[in-house]
Amino acid sequence: MARKLIAGNWKMNGSLAFASELVGGLLSRLEQNSTAADFAVCPPAALLGQVTGLTKGTALAVGGQDCHANTSGAHTGDTSAELLKDLGCQYVLTGHSERRTDHGESSADVKAKSSAAIKAGLIPIICIGETEGQRVSGDTLKVVEQQVRESLPDEATSVNVVLAYEPVWAIGTGKTATPDDVAEVHNFIRGLLDRHFDEATDGKLKILYGGSVKPSNAAELLGVSNVDGALVGGASLKVEDFWAIGVR
Ligand SMILES: O=C[C@H](O)COP(=O)(O)O
């Protein structure tokens, strides 16, 4: 069975001391245990150099939270995928709903960023998901299909990208999609991907679930068919909770 990926998105949280403590805690647990899941952390850009320094040569992967579509240039405040790769990252989040909302990122932007990530040798974790209004209107599958189709870059294969289904209404709210909700969307995405790549992508292209994942609901959510891991926000900020989500 393919290993699950448990990725922690720290969002705009953390400090030098926090990163040192959290990463240290994860590394000591990884050294002392064999796990059935792979772990990754996605700290804020300013902490990436410190974190990749701590994780170099270990089983803990690191990802950025965003990258620019261009390789370099006059883009104040942005970070290129090349620099993330140079720092030692393996992943980068693209299209997180907070970036789609806070920074007006469209799926076309997400596609361009994901393409840049692949070209730089990173695996983009491409985030998609419907808002509460879209779910209530019965548009969930339509929205998810459009986001998948418009966000997947041309360079995508079943092994160089990861998708993360994050219903926006479940992010940071404590509301969690039911296992049936998650199964419906993940099975639907799997069907889309199989048709898109003209191959059975099962076990290769990972589809993560994100939205209020915590130790108490992780086993149930990670047990749903076609859930290949989790993208964890709040609960990734406590080493015991993040570890407990991946090690059950
Ligand atoms: O990227 C992570 C998601 O936005 C989930 O955040 P949350 O676990 O705090 O709901």
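Note that Cβ sites are derived from N, Cα and C of the backbone, with glycine treated the same way.
A sphere of 10 angstroms centred on the C-beta of Ser212 (substrate binding site) encloses 21 other C-beta atoms. The DSSP secondary structure for Ser212 (substrate binding site) is coil. Marked as substrate binding site by TrEMBL: Asn9, Trp10, Lys11, Gly172, Ser212, Gly233, Gly234.
In sequence order, Asn9, Gln65, Asp66, Cys127, Glu166 constitute the residues six or more apart from His96 (active site, electrophile) in its chain with CB-CB distances below 8 Å. Reduced to three states, the DSSP call for His96 (active site, electrophile) is coil. Summarising the annotation, TrEMBL assigns active site, electrophile to His96.
Summarising the annotation, TrEMBL assigns active site, proton acceptor to Glu166. In three-state terms derived from DSSP, Glu166 (active site, proton acceptor) belongs to neither a helical nor a strand segment and is classed as coil.
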Neighbours of Asn9, Trp10, Lys11, Gly172, Ser212, Gly233, Gly234 excl. site residues, C-beta within 8 Å of centre, substrate: Ile171, Val232, Ala235, Ser236, Leu237
Assigned conformation of Asn9 (substrate binding site) - DSSP reduced to three states: strand
